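Novice: Sending over a structure as structure tokens; questions will come in a sec.
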Amino acid sequence: MEGGNSPGLQLQQLPLATAAVSVQPHTESFSYKENLIGALLAIFGHLVSSIALNLQKYSHIRLAGSKDPRAYFRTKTWWSGLLLLVLGELGVFSSYAFAPLSLIVPLSAVSVVASAIIGIIFIKEKWKPKEFLRRYVLSFVGCGLAVVGTYLLVTFGPNSHEKMTAENITRHLVSWPFLLYVLVEIIVFCLLLYFYKERNANYIVIILLLVALLGSMTVVTVKAVAGMILVSIQGTLQLDSPIFYIMLVCMTATAIYQATFLAQASQLYDSAQISSIGYILSTTAAISAGATFYLDFMGEDVLHICMFALGCLIAFLGVFLITRNRKKPVPFEPYISMDAMPGMQNMHDKGIAVQPDLKASFSYGALENNDSMPEIYTPATLPIVQEQHGSKGVSAPPYRVLEHSKKE
């Protein structure tokens, strides 16, 4: 009986063993499938957003170069760009619900690559082939490096997946690693804000570090909100939990303050510098937040982590080369017209010379002499001494104001 029962037991246990073995590969393939879906949605979203922004910029330029009296929001081109921008942002938002945070954030390099390619395609100047290659060799190299970095990110990205339920998010929110990370981030943020506001340290690194710290909290909350919406769509309602609305409020607040600091940075520095330095700092801060809050790299081997870090570095270098090739705007240099010089005649004077105001000094240039201004910005002044007729032995002054009669 024992010998007869053994084969039966083995036959009955064989399907169970086969099922137990086949569960793990199926789960891994499903998680890699989710990674691919999230990566494709992020790439699609950044690509469409880049096209949308360039389309809106084209609409503004087209109106500025024509005599069309319409406002920009009354053109079909601008509205098409706005609709594409909303579609792209929805794609990026939905990508956080499928793939890990540390995988989605670095893929924003796609928007920089797309903007560079669009700028080269729609450039208006005509270049010779050799001059064109020499002018855009850095852009081509940067685009190639960004594509290679993106491939490494998608291939060796973290493969951690968990359902974004209210219970899981609350458990991550009160974990001691994340609380320690938030404490350090708050201290650093307050110090940077003190130097920026009180000490007038308007360095680009300080402003973009403020943006990066806020952005790390933004992407953490975005993934929580998008994940809870996806779980609710799948059948388990999560929108009635208070943690959902807490994350929604934090996402909105941090996004608004992040946009405020970005607007201040854009008034002080070139957009190319903001794109490259902001991408590096924001991506680093967001990956650190994702690894601390969602434990993205938990269980990953050293090889995958090193290859993922290599992909980030290559993408950083590619974005830096792309933005470094952009033309810097020529600053406006004020000047004074020759017909507005004191004592110069013009067609509106009817032959009568216009005399300068007889003050202790007059301003040379477009700026007026103001004692409250710093010395470096004070224009040069020339002394005025009226010529005294009839006096002898008086040295000639450096500047004379001659009396003109109507006959002369």
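Note that Cβ sites are derived from N, Cα and C of the backbone, with glycine treated the same way.
Below are the features listed in TrEMBL for this protein:
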type	residues	note
REGION	388-408	region 'Disordered'
TRANSMEM	36-56	transmembrane segment
TRANSMEM	77-97	transmembrane segment
TRANSMEM	103-123	transmembrane segment
TRANSMEM	135-154	transmembrane segment
TRANSMEM	174-196	transmembrane segment
TRANSMEM	203-231	transmembrane segment
TRANSMEM	243-265	transmembrane segment
TRANSMEM	277-296	transmembrane segment
TRANSMEM	302-322	transmembrane segment
Novice: For the transmembrane segment (302-322) and the transmembrane segment (77-97), decide whether they are in contact, meaning at least 3 CB pairs lie under 8 A, counting pairs 6 or more apart in sequence.
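Specialist: No, these stretches are not in contact.
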Novice: Which one, 36-56, 103-123, 174-196, has the most C-beta pairs under 8 Å toward the transmembrane segment (277-296)?
Specialist: 103-123
Novice: Taking a Cβ cut-off under 8 Å, which residues six or more beyond the ends of the transmembrane segment (103-123) line up next to it in the same chain?
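Specialist: For the transmembrane segment (103-123), the list is 35, 38-39, 42-43, 46-47, 49-51, 53-54, 58, 92, 95-96, 136, 139, 142-143, 146-147, 149-150, 153-154, 157-158, 219, 223, 275, 279, 282-283, 286-287, 290, 296, 311-312, 315, 318-319, 322-323, 325.
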